[in-house]
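Peer 1: Structure provided below as structure tokens; questions to follow.
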Amino acid sequence: MKETIVAQATAPGRGGIGILRVSGPLATEVAQAILGKCPKPRMADYLPFKDADGTILDQGIALYFKSPNSFTGEDVLELQGHGGQVVLDLLLKRILQIDGIRLARPGEFSEQAFLNDKFDLAQAEAIADLIDATSEQAARSALKSLQGEFSKKVNELVDSVIYLRTYVEASIDFPDEEIDFLADGKIEANLRSIINQLEDVRAEAKQGSILREGMKVVIAGRPNAGKSSLLNALAGREAAIVTDIAGTTRDVLREHIHIDGMPLHIIDTAGLRDATDEVERIGISRAWTEIEQADRIILMLDSSDPESVDLSKVRSEFLAKLPSTLPVTIVRNKIDLNGEQASESEQSGYQMISLSAQTHDGVKLLREHLKQAMGFQTGMEGGFLARRRHLDALDKAAEHLQIGLVQLTEFHAGELLAEELRLVQSYLSEITGQFTSDDLLGNIFSSFCIGK
């Protein structure tokens, strides 16, 4: 028999309204015990909520949803009372006294809904993402995921892969046919079409991941290059202390900002040099740790100092020490001191922006550059949020499609192509939960609120 669970569905603490949710086959029994009757399905009823001895604990609205026409797909009872935590705790305690009722685990209501096919795994995750959204665009994209925008794209890919698998396996099972299916070009054309289709979804998912998680951008450079001034300019407030004394910043400073809905984690670090002071050395060590973990580096140069902007020295002192895959944007700061105009250019393979963090001249250029560098498009229609596990699954699917293409075009190996397509289907299906381990489900739903 399925279990019946209960939890507070509203946030803990004081509020105008507090809601308890009961889900499972004993929901009607809870209604009889607390309300003296079970409300008609989907009809609000204003009733007293009673303790075991008949004492009225609260009064409010009771709603009953009969399976399968509920959020979880089970019988659901919602008690909407006053939002005092003491009152809600008393009512919750009373419900838990009823045999067969237990407190819900975090995310268990959503887990019930997923297991009852009310939505798929990507949609379930979108519930948590909608709650946690930190910007209007992130909230809109989470809602699109909840409505199935992401799942629809993934399911279309899965359908295309299944169709191609069927065609490939037919060519293997019927080798005596006069037509060589592997060589007639149709399979290769379909395979390349799926690869292109997947690339479009990956690009959109990458933007969705940016919206959800943000990008970590570290500002680095020599002391007194204007790193803290740039942090303040991007943050729009005096987040960091700025002086003419080199080495003022000795620890890591973090600011969370939004650029047209794109979340950025901006990190100001200690100036990089050979320090003799122990505290400054610790700060520089922490700076390098942040640099190694960054998604992008903003390398600050002092344009008023000819030695500072010598790219050959910059390359040996700094750029050569970075991971080769780490993207770098070079910023020539302090153009207000030499009369330069704000500009954007490319030098030696690096994007370079000339600006003044002091006067903010050119800061807008940097903001636009960061948006473009992250692959972010303002106001993108049909966007959805994506998690790291979604990107990983899409990346693995893309990798096996490319392997399959090689097996087809270079080795004419139908059996190996069929196996690669099977793996692609498996990775894509992990996103929506069609093929998902119990451990993964546990990790996902345990991150939800208790009442979700």
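Using N, Cα and C of the backbone, Cβ positions are placed for all residues, glycine too.
Okay, these came from Swiss-Prot:
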type	residues	note
BINDING	ARG21, GLU78, LYS118, LYS452	(6S)-5-formyl-5,6,7,8-tetrahydrofolate binding site
DOMAIN	214-375	domain 'TrmE-type G'
BINDING	224-229, 243-249, 268-271	GTP binding site
BINDING	ASN224, THR243, ILE245, THR248	K(+) binding site
BINDING	SER228, THR249	Mg(2+) binding site
Peer 1: Suppose you look only at the domain 'TrmE-type G' (214-375); what would the mean pLDDT be?
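Peer 2: A mean pLDDT of 87 is what the predicted model shows over the domain 'TrmE-type G' (214-375).
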Peer 1: Taking the Cα of SER228 (Mg(2+) binding site) as the centre, which of the binding-site residues listed as ARG21, LYS118, ALA270, LYS452 lie within 10 Å of it?
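Peer 2: So the list reads ALA270.
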Peer 1: Compute the C-alpha separation of LYS227 (GTP binding site) from ARG21 ((6S)-5-formyl-5,6,7,8-tetrahydrofolate binding site), stating it in Å without decimals.
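Peer 2: Taking the Cα atoms only, LYS227 (GTP binding site) lies 51 Å from ARG21 ((6S)-5-formyl-5,6,7,8-tetrahydrofolate binding site).
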Peer 1: Work out how many Å separate GLU78 ((6S)-5-formyl-5,6,7,8-tetrahydrofolate binding site) and ASN224 (GTP binding site) at their Cα atoms, rounded off.
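Peer 2: If we compare the Cα positions of GLU78 ((6S)-5-formyl-5,6,7,8-tetrahydrofolate binding site) and ASN224 (GTP binding site), the gap is 60 Å.
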Peer 1: Could you say whether, by DSSP, GLU78 ((6S)-5-formyl-5,6,7,8-tetrahydrofolate binding site) belongs to a helix, a strand or a coil region?
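Peer 2: Its secondary structure by DSSP: strand.
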Peer 1: Spatially, and counting Cα to Cα, which of the binding-site residues is closest to ASN224 (GTP binding site)? Options: ARG21, LYS118, LYS452.
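Peer 2: Sorting the binding-site residues by distance from ASN224 (GTP binding site), the top entry is LYS452.
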Peer 1: Among ARG21, GLU78, LYS118, LYS452, recorded (6S)-5-formyl-5,6,7,8-tetrahydrofolate binders, what is the largest CA to CA distance in Å?
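Peer 2: That value is 18 Å for the farthest Cα pair.
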Peer 1: Report the same-chain neighbours of LYS118 ((6S)-5-formyl-5,6,7,8-tetrahydrofolate binding site): residues 6+ apart in sequence with Cβ closer than 8 Å to its Cβ, ordered by sequence.
Peer 2: PHE71, THR72, GLY73
Peer 1: Tell me, how many other CB atoms lie within 10 A of the CB of ALA270 (GTP binding site), whichever protein chain they belong to?
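Peer 2: Neighbour count, Cβ to Cβ under the 10 Å cut-off: 27.
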Peer 1: Would you mind reading off the Cα separation of LYS452 ((6S)-5-formyl-5,6,7,8-tetrahydrofolate binding site) from ALA270 (GTP binding site), to the nearest angstrom?
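Peer 2: Roughly 43 Å, rounded to the nearest whole number.
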Peer 1: I want to verify one value. Collapsing DSSP to three states, which class is SER228 (Mg(2+) binding site)?
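Peer 2: In the DSSP reduction, SER228 (Mg(2+) binding site) maps to helix.
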Peer 1: Which residues of the same chain, at least 6 positions away in sequence, have a Cβ lying under 8 Å from the Cβ of ARG21 ((6S)-5-formyl-5,6,7,8-tetrahydrofolate binding site)?
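Peer 2: Correct list: VAL6, ALA7, GLN8, ALA9, VAL76, LEU77, GLU78, ALA104, PHE109, GLY451.
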Peer 1: Could you work out which of the binding-site residues (LYS227, LYS452) has its C-beta surrounded by the smallest number of other C-beta atoms within 10 A?
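Peer 2: Candidates: the binding-site residues LYS227, LYS452. Fewest Cβ atoms within 10 Å: LYS452.
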Peer 1: Hey, what's the Cβ neighbour count for SER228 (Mg(2+) binding site) at 10 Å?
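Peer 2: Its Cβ has 24 other Cβ atoms within 10 Å.
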Peer 1: Quick one: give me the count of other CB atoms within 10 A of the CB of GLU78 ((6S)-5-formyl-5,6,7,8-tetrahydrofolate binding site).
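Peer 2: There are 21 of them.
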